[in-house]
Amino acid sequence: MTPDSLWHWTSLLPLLIILSSLVPGLLIFATPEGAARRRTALNLGGVLLKLCLVALMLLGVNQGLQFRFALPFLPAAPLVLQGDALSLQFVSLSSVLWLATTIYAIGYLENSPLRSRFFGYFSLCVSATVGIALAGNLITFLLFYELLTLATFPLVVHRGTPEALRAGRIYLAYTLAGGTVLLMGVALLHAMTGTSDFIPGGYVIPDAQLSTAGLKWAFFLMIAGLGVKAALFPFHVWLPRAMVAPAPVSALLHAVAVVKAGAFGIIRVVYDVFGVETSQSLGLTVPLMAMAAFTILYGSVQALRQTDIKRRLAFSTVSQVSYITLGVAMAGPVAAVGAIVHLVHQGLMKVTLFFCAGIFAETLGIHNIKEMNGLGKRMPLTMAAFTIGALGMIGVPPIAGFISKWYLGIGALDAGYPVILAVLIGSSLLNALYFLPLIYRGWFAAPAIGGWPRDQYPDTRFETHWMLLIPALLTAVLSLLAGILAGSLVSPLGWTELVVNREFGL
Amino acid sequence: MTMLWPGATVGTLSKLELSWLTFTAVLWLIATLYKIRMSDDRPQALFWLFWSVSCAGNLLLIAAQDVLGFYIGFSMMSLGAYALVIHSGKPAARRAGRVYLQLAILGEMALLASLLMASHAGNGSLLLSEVQQSDIPPIAALLLLLGLGLKAGFWPLHGWLPLAHPAAPAPASAVLSGAMIKAGILGLWKIMPESAISGQSALLIMTLAMISAMYGVLAGLMQHEVKRILAYSSVSQVSYLLFLLALAWLMPEHRTLIATVLTIYTVHHGLIKGSLFIAADFFSVRSQSLVMNRANQFMLLVAALAIAGLPITSGMAAKSALKSLLEGEPLALWYTLISVGSVATSLIIIKVLLTFRARHATAAIQPTDPVKATLWWMLSLSAIALPWLWPDMREPLVSSLATDKLWAASWPIVLGGLIYWAWPARWTRALSGAEKIGLCIPSLSLKLKQAINRLATSPTDFSFSDKKLRKFERRWNRLWQGSTVNVSALLLIAVMLLTGALMYA
């Protein structure tokens, strides 16, 4: 690559997308605590700039332009940022949800201490996520993956309570161990095949010189390392604990940043490093599928056993994120559509649910499922958003979750694993069992006689702070639209089909 | 390129769908207007929201020509109806709602699984017409029958029906029984491939349908509440629709003919059953005017007997159209069974009428709401007017006006009346177990709920104790700050490792 092209706008764009949240983040650290207006301007300015840049890149990729930024980094492994169709799927998701979450967080943390620290790390976290999405090879991916761990830790322990610190310690223990295992896997693979850019179809081609056992080990180590963040059983333990974090952090953690980074990594490793054919010929996909299927059912059963709203949602994430892994492991194009589109759909629905859970806790002090009785009358809009998210998780049409489930189901049959259909249906039933009671309580049960645990905004114009309400409604509407308009080209499904066509060379 | 979900196609391709759509829309419209005139003190906004969702879903599933559209409509209708069932907020309604919802979700999942398999068998096609041509595996056919059967509510899948219909407000029961349970039948008609049901299985389903038709009557005769009796009558009547479906699978060459009969029967039963359910509210008060009361009672008599196939009503058209399919030697047995079924239907209809009369005698005297009266009369008059307005129905009616046919239509009613009159009380006691064949769905449903509640009280998760982790961390820290022995030991290990590595290299 000539220096000329390094400074061409197409190669600078990926870098700019990362900088558009990194720079405001660093500036926010330097913002005094009292300067709320300046901080908000930095936050929102960064978000809007990023959205514009992402839109530009979306247009470009749709036209067939290449976006690649490379710097020499390690021997035979440069630092590469590139915008391909798959990475854009993730970048768009994180940018849109970053907008929603930022607005939500501003409302949520109003008048609470240490906001500069919070928003600084918040922006770093998004930068790292976008870096993961745009990473063009494994080394770059690893770099941002570790950065993400470090950037999210302060957010998890933000409240500083003993409980938060404990959760933070467990979070660090798991993710750092996972990162180390991933590092070993990447190093092993690097030693065997070198590190080239992610390419559709993968670059690992087994031949006589490569040890099959070595490849299998590398795959196993990488999946185990990524599985920690993707909350695959038995590496999921940190996730339900981490829900002690403030609601916007939970929302970000569960919908975009951490668990999705893991799932996205698994997609990259299976599709763009090993390639579907190699993974299958090495016999690696079936164990992965079994692991994902088990996690799906395990997470649902555990969710059923929780009485705390956020804990229930957390176990639901354990289950739902594994849909992505499951779809990837089935190694067929239709299942791939289901998996990659679920990356977006789950994000939209889960962020809605966490926003709503945060609103319940913030406005009325509701943490337990039992306290939700009659909530629909007090806050109909929030409850409506929550209902959309929960029904979507069950897979009730026409909400987005249904589309993912449909493609995963067809994909399972296509790939010749009808037993997966039973897993999907079983998981839907379990989802119904643990989400429908919440909806029932909210809409149909009579409110508790003693009133709400703690009513924060009894006389506001809306049912709660408008900055909390708007993002929840926005994401709820998006998850509804993503389902109803799934057949159009601008929907996540439309874009996913583009991604999968490129991945599978269709 | 479509704008909506993938493969979205909406339209009515056949006369069957068009008639189905029309009668469903008419029934929903009348029920909506009627409900507006009813007053209750329950929250209204939520009810109307779910009402509209349910109605939209019902219409969508009829008009949908693609798998996803059908499923979307079906789910909207099913889940929306939950709010209609529990509207009164009483414990019985909540119980009915729980059973309804559990079975509805179960049915949806069975339907989803079968649709996935069917669409896969049709090479990923999303068009219902193409799915119907495909070879679906037997398990998919079974799941389809189960999923849609749970909505149609024939025995043994009727568990929710006798609970939900009495619990819902009268217009809601009218649409539940008149329009929604028919959606299961329509789905089976539109989706189930002919190739999936062999002749043997078709005969099996026909037998099941006849058992169900009898079961509905017997269980209904044991009831005392008018809406419960009507609900069991629906279980019985929907079995005739299932019978028609099975007949179409048995004789695919007559599919077009059977389609007409199915349409006639459905439209007739939908409108008249709707009218009877609304009557449960309409007749809960008495008007001051004697003439008015007499006229209402006469209309009720005609409408109710229409279900039993009273001559020159839509019921007779439907029954004789059904019987005309069974003429000829190979199906003679079924012809007889259907005639026996007609007697049974008369029995339950007489029970309905007597229950209405007993209720009416004690009802409070109140001025009649003219709007309610008009709506109810419009619906009930369809029993007489429909055959003359609708050519498809006129034909079987006219052809059955011959004396022998009139006799064939009348004797079951007369015989039913005689049996009812001579019915010994001890038969009732002997039969009181009939309802138990309903497979104890309510108690199973309660057990499921209790099991889930128990689960939630003992949360545990796979994890290691993080206290151990902390201890480990402390020990590790101490290792570095410790005495000279620790440091020198570590240094020694490092040197050994390094030498080993060098030697190996």
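Every residue gets a Cβ built from N, Cα and C, even glycine.
Quick look at what TrEMBL lists:
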{"type": "TRANSMEM", "residues": "B:20-36", "note": "transmembrane segment"}
{"type": "TRANSMEM", "residues": "B:45-64", "note": "transmembrane segment"}
{"type": "DOMAIN", "residues": "B:64-345", "note": "domain 'NADH:quinone oxidoreductase/Mrp antiporter transmembrane'"}
{"type": "TRANSMEM", "residues": "B:70-87", "note": "transmembrane segment"}
{"type": "TRANSMEM", "residues": "B:99-119", "note": "transmembrane segment"}
{"type": "TRANSMEM", "residues": "B:139-157", "note": "transmembrane segment"}
{"type": "TRANSMEM", "residues": "B:169-189", "note": "transmembrane segment"}
{"type": "TRANSMEM", "residues": "B:229-251", "note": "transmembrane segment"}
{"type": "TRANSMEM", "residues": "B:257-283", "note": "transmembrane segment"}
{"type": "TRANSMEM", "residues": "B:295-312", "note": "transmembrane segment"}
{"type": "TRANSMEM", "residues": "B:332-354", "note": "transmembrane segment"}
{"type": "TRANSMEM", "residues": "B:374-390", "note": "transmembrane segment"}
{"type": "TRANSMEM", "residues": "B:479-504", "note": "transmembrane segment"}
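Using a cut-off of 8 Å between Cβ atoms, the transmembrane segment (B:332-354) and the transmembrane segment (B:479-504) share fewer than three residue pairs, counting only pairs 6 or more apart in sequence. Taking pairs at least six residues apart, the transmembrane segment (B:70-87) and the transmembrane segment (B:374-390) share fewer than three Cβ pairs below 8 Å and do not count as touching. Distant neighbours of the transmembrane segment (B:139-157): 74, 78, 103-104, 106-115, 117-118, 121, 180-185, 187-188, 191-193, 196-197, 205, 208-209, 211-212, 215-216, 234-235, 238-239, 241-242, 437-439; these residues of the same chain sit at least 6 beyond its ends, with a Cβ under 8 Å from one of its Cβ atoms.
Residues 14-16, 19-20, 23-24, 26-27, 30-31, 34, 38, 165, 169-171, 173-175, 177-179, 182, 185-186, 189, 226-227, 230, 233-234, 237-238, 240-241, 244-245, 247-248, 251, 296, 300, 303-304, 306-307, 314-315, 317-318, 321-322, 324-325, 352, 356, 359-360, 363, 372-373, 375-376, 379-380, 382-383, 386, 390, 392-393, 396 of the same chain lie 6+ residues outside the transmembrane segment (B:257-283) yet bring a C-beta within less than 8 angstroms of a C-beta in it. Counting same-chain residues at least six beyond the ends of the transmembrane segment (B:374-390), those with a Cβ under 8 angstroms from any Cβ of the stretch are 27, 30, 33-34, 37, 267-268, 271-272, 274-275, 278-279, 282, 299-300, 302-303, 306, 312-315, 317, 397.
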